[in-house]
Amino acid sequence: SKKSRFLHLYSRYIAGEKRRDEESEMILGPLDSAATGNREVQFVLSTLEMGFAEQPPTEEEDAWLLYLYGIVCMKQKNITHARKALCKSVCLYPYNWSAWQELGSTLGGLSDLNEILDRLPNNVMTNIFVLNTNQELYQTDDGVHKQLTDLLQIFPRSAWLKTQRALLFYHARDFDEAEQIFDGLIKADPYRLDSLDHYSNILYVMERRPKLGFIAQMATGTDKFRPETCCVVGNYYSLKSEHEKAVMYFRRALTLDRASLSAWTLMGHEYVEMKNTHAAIEAYRRAVDVNRKDYRAWYGLGLSYEVLEMHYYALFYFQRAASLRPYDPQMWQAMGSCFDRMNRPGEAIKAYKRALVSSAPAKQVTTHFDPSILLQIGYMHEKLQSGREAARWMEMALREEDEVGVTAATSKARMWLARWEFGNANWGKAAEYANELCQDGAELEEAKALVRDLRSRMEK
């Protein structure tokens, strides 16, 4: 029967995966990247293709064989065939969530998702899949939240759907809201470890060390041999600045599951902290191999190559990160900085302007901008020898003090304007800027020197 054929071939595939793991080198060892592949894939693939040639798949039982065919096509990097087979599989039997997950891994962006939507069945599983894919692609708009609300009306007690809501807030950098949802999930089910690594990332960013320690203790008491538990404990040690111990726990997570995306990315962050740039690059590369939709790994690769002063490589990776997170100002600022180091101020201005638009609050009538980005745009215009335009951007940075107060960026802008007015012999205006700097306490020595110079010139 078709079911027994599926069980036989799937068992062969699983045995091949187990053998591959046993023969693999230690994590990031000398031969780790050259780990042996699954030797059973070719046999499974040829057997399935022969079966489909004899009798094309049309029944519900064929859905499992198509699912397996999709998996082995992915192993062979044949994404087109894998996507086609998995779409057929979920149409024949929509309740195999593993098939939906494999289908999601074939999608590189929203365009791929929109392309296959008309090939998917019209039922609740498709809605759940679209929601999950949008979350993985960092879509956090109102439409996605509405879709989630509609699903929660059908499944009001679903912990998985509530976790999706928390992850949407996490991607939108609304950490307080995400933390509240995760707190509620832990109270409802303290033994549930799914997505706990994401919760530990939120607590890490918010620097909630006691709470992160409690979550680590709780997860270890539940099951210390889960990759999520190891990631939580690793994050706790990272927050304590014990980076060697953190790496040890992330390695442990990868020993348990080599496809643990969080562990690869977090281990890359730790190697950056330890100034081991080459190990960080390798960890980020492995994270990208596991999931090409993870912007953090692309961004980490960009930062690592920037440390090595390989700016063309860094720019490529920043562009990949920005394509995944087009509304994140951090990505565009990194690109602007890279263009600046490559002495391409015109392109740097374009990138910084994108960062400026992204950093502005979306739903406010009076828009306020980040003064540090305005400052950088001013510097780029100075490099283009456009002094008046640079002065205009510096003045815009100064005006942001009404909203954000005195910052390092506004002080630098004031210092630049003081020098600019000094160079144009507008000594009264230059003295005004320099005296303001002396009162703020930033750029103090340079401001005092400028005031002394101005006084002697004005006396003469």
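Using the three backbone atoms N, Cα and C, a Cβ is placed for every residue, glycine included.
Residues or ranges marked as domain 'Cdc23' by TrEMBL: 1-166. Predicted-model confidence for the domain 'Cdc23' (1-166) is 91, expressed as mean pLDDT.
Feature annotation from TrEMBL assigns repeat 'TPR' to 227-260 (among others). For the repeat 'TPR' (227-260), same-chain residues at least 6 beyond its ends with a Cβ under 8 Å from one of its own Cβ atoms are 21, 24, 27-28, 193-197, 199-201, 203-204, 207, 209, 212-213, 215-216, 219-220, 266-267, 269-271, 273-274, 290.
Same-chain residues lying 6 or more positions outside the repeat 'TPR' (261-294) and placing a CB less than 8 Å from one of its CB atoms are 28, 33, 105, 107-109, 136-137, 197-198, 201, 227-228, 230-231, 234-235, 238, 243-244, 246-247, 250-251, 253-254, 300-301, 303-305, 307-308, 324. The annotation repeat 'TPR' is assigned in TrEMBL to 261-294 (among others).
Summarising the annotation, TrEMBL assigns repeat 'TPR' to 295-328 (among others).
Sorting each residue of the repeat 'TPR' (261-294) by its DSSP state yields 27 helix, 0 strand, 7 coil.
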